[in-house]
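A.B. asks: The structure that follows is given in the form of structure tokens.
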């Protein structure tokens, strides 16, 4: 009898442990992403914009070697995070005309390369503003309700991980068109306030687990070094990095306050320090080159300037932190995701 009781207890423990594991694996039904080229997996492909990359050598390290509209040699963080969450190896672009209803269930990215928190940024670049991405998100939820029911839509809204990634294009480009209205500090503050407003609006639509990326050290991307870093030294554009830091200094406490005010979880995700350390100490992370991109000569090549006619593209992109003159390589993205995701997800789930 004692043996039977012991066996029954062991079975119960096994079932409970297995259920807990199953629950943990199914906690996150989808990944929903908003933002710019860092997270764009092809939303710009059919837009009337010059900011496209659906041609070689973009995608040379993507599965099958296809150029999909991702601003990298391979996958981008939206893909890598989706994989790490156990959802899919790649995250589809919402604007993909071949997307089927079932493709929506594990999440999508609404991100559009070249956009920003400043509405002027998307207008200048002829891309999808973050505010229009919210409109697309409303449409997405309507589709989920129509095809899979109210309960599934509720599950996605309440339990999915929502990511917001923007600010680089505002800081690096649009500010130059806004100097008559803002100095550097006030513009960075305006962007941070816009980011908080965006998160508030996303929360109103039902999102409850939201992570917001900090600005990155955009003054250290190869293009900024080439144009503003000095002909011989090609150092980082420090005034631009200072603007990014000001944006972060404003954004972080504002999101903390919002997290206390609203139900759910709202996280500030510090990407700046990790990427800056990678750029300053590339060998520590297994990289050889940090001040040039792999594509072309790595100084100015981006979008159509990074093309298959350029004979200087490197053969080993994994040795480079940057793929083109503005965007990291897949391997650099992987390092960032591996360094940050578990740390921050533990605060959400």
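Cβ coordinates come from backbone N, Cα and C, glycine included.
Computed from a predicted structure; not experimentally measured.
As listed in Swiss-Prot for this protein:
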ACT_SITE  37  active site, nucleophile
ACT_SITE  324  active site
ACT_SITE  327  active site
CARBOHYD  25  N-linked glycosylation site
CARBOHYD  316  N-linked glycosylation site
SIGNAL    1-19  signal peptide
A.B. asks: Could you state the whole-number distance in Å separating the C-alpha atoms of the residue listed as 'active site, nucleophile' and residue 316 (N-linked glycosylation site)?
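C.D. replies: Distance (Cα to Cα, whole Å): 22 Å.
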A.B. asks: Which whole-number value in Å describes the distance between the Cα atoms of residue 327 (active site) and residue 316 (N-linked glycosylation site)?
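C.D. replies: Their Cα atoms are separated by 16 Å.
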A.B. asks: What is the number of other Cβ atoms found within 10 Å of the Cβ of residue 316 (N-linked glycosylation site)?
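C.D. replies: So the number of other Cβ atoms within 10 Å of residue 316 (N-linked glycosylation site) is 12.
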A.B. asks: How many other Cβ atoms sit within 10 Å of the Cβ of residue 37 (active site, nucleophile)?
C.D. replies: 28
A.B. asks: Including all protein chains shown, what's the count of other C-beta atoms within 10 A of the C-beta of residue 324 (active site)?
C.D. replies: 29
A.B. asks: Give me the Cα-Cα distance between residue 324 (active site) and residue 316 (N-linked glycosylation site), rounded to a whole Å.
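C.D. replies: Rounded to a whole number, the Cα-Cα distance is 13 Å.
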A.B. asks: What is the total of other Cβ atoms whose distance to the Cβ of residue 327 (active site) is within 10 Å?
C.D. replies: 28
